[in-house]
């Protein structure tokens, strides 16, 4: 990655005062609480309800504008409904610069005519969508996703790999568990360690309070290093087409992303430099009949299958590196 970004997480803060609530939304609120198993103290419930109502209004207004053709994607209420955008960014995202070892540089194949669309989920390269929970471990999920794809390419077998192994054991390489990390640091740990355990043998706990429990006999993957991709969408496209799923970092801190549901995500406020979330590009394509318009990246997130488009997001492609999708792309070598 160049420049490097450190994906991290901060503490959750809760404000106290709450404005007047809309009684017409009582049934919707109680249904949302039941769906997401929320239980609050008396003082907190009013505040959370007020935050939820504000988010619902933002979502409803956006979708009204979507129906008028002003946006290319829909939003929907989800598990983040009772979080302010500031809390959402603090819990799920955040970054700081960090020096780290550089990988090999990706050399774009010159004589390869890449296809107009690619979807590695249809080729067996991608495990089901996972959920990082209230832990800033997006970097680990992005890293395992890329390695799962490369191991499938090499062996023909798709094995879910252990994010918890990375969370617990890669601090020496510069990662900080639930407080953040880098995909390249994860790839370096796997090389240094000589392997990574399977998800089945080392299940995810969404916490970083345990000591490293790597078991060599349960190792299901290894890598020999990693490759950094030049900061261009054309280079990323060639890598996705010829290599497989690619780890990337994006600016995911906007309310529009917090409540993304479907369509091609584009937010004019999205930064190509202020990256705060690690995800996995598993393909690209276009909507309609014109392959030069409505282009998108297929991105696997780690917020569970209920978020977004069954856990995925279509992100605008060839729109000046929108949200920084090509700024910090890399993959492991096996």
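Quick reminder: no glycine exception, Cβ is built from N, Cα and C everywhere.
If you look up Swiss-Prot, you'll see 1-17 marked as signal peptide, on the strength of similarity to another entry.
Feature annotation from Swiss-Prot assigns disulfide bond to 135-178 (among others).
For 138 (among others), the entry in Swiss-Prot reads active site. The Cβ neighbour count for residue 138 (active site), using a 10 Å radius over every protein chain in view, is 29.
The Cβ of residue 199 (Zn(2+) 2 binding site) lies under 8 Å from the Cβ of 144, 159, 160, 161, 162, 163, each of which sits 6+ residues away along the same chain. The DSSP secondary structure for residue 199 (Zn(2+) 2 binding site) is coil. Residues annotated as Zn(2+) 2 binding site in Swiss-Prot, with similarity to another entry given as evidence: 163, 199.
For residue 169 (disulfide bond), applying a Cβ distance below 8 Å and a minimum sequence separation of six or more within one chain yields 189, 193, 212, 214. Per Swiss-Prot, the feature disulfide bond maps to 169-212 (among others).
Take the CB of residue 184 (Zn(2+) 3 binding site) and look out to 10 A: across all protein chains shown you find 27 other CB atoms. Swiss-Prot lists 184, 228 with the feature Zn(2+) 3 binding site, giving similarity to another entry as the kind of evidence.
Feature annotation from Swiss-Prot assigns N-linked glycosylation site to 222; the stated evidence is sequence analysis. Counted within 10 Å of its Cβ, the other Cβ atoms near residue 222 (N-linked glycosylation site) come to 15, all protein chains included.
Swiss-Prot lists 277 (among others) with the feature active site, giving similarity to another entry as the kind of evidence.
Among the features that Swiss-Prot reports, active site is placed at 301 (among others), with the record citing similarity to another entry. Secondary structure from DSSP puts residue 301 (active site) in coil.
Compared over the disulfide-bonded residues 135, 178, 212, the count of CB atoms lying within 10 A of a residue's CB peaks at 135. You'll find the Cα of residue 277 (active site) roughly 6 Å from the Cα of residue 138 (active site). Within 10 Å of residue 178 (disulfide bond), as judged by C-alpha distances, no recorded positions are found among 184, 228, 301.
A gap of 23 Å separates the Cα atoms of residue 222 (N-linked glycosylation site) and residue 301 (active site).
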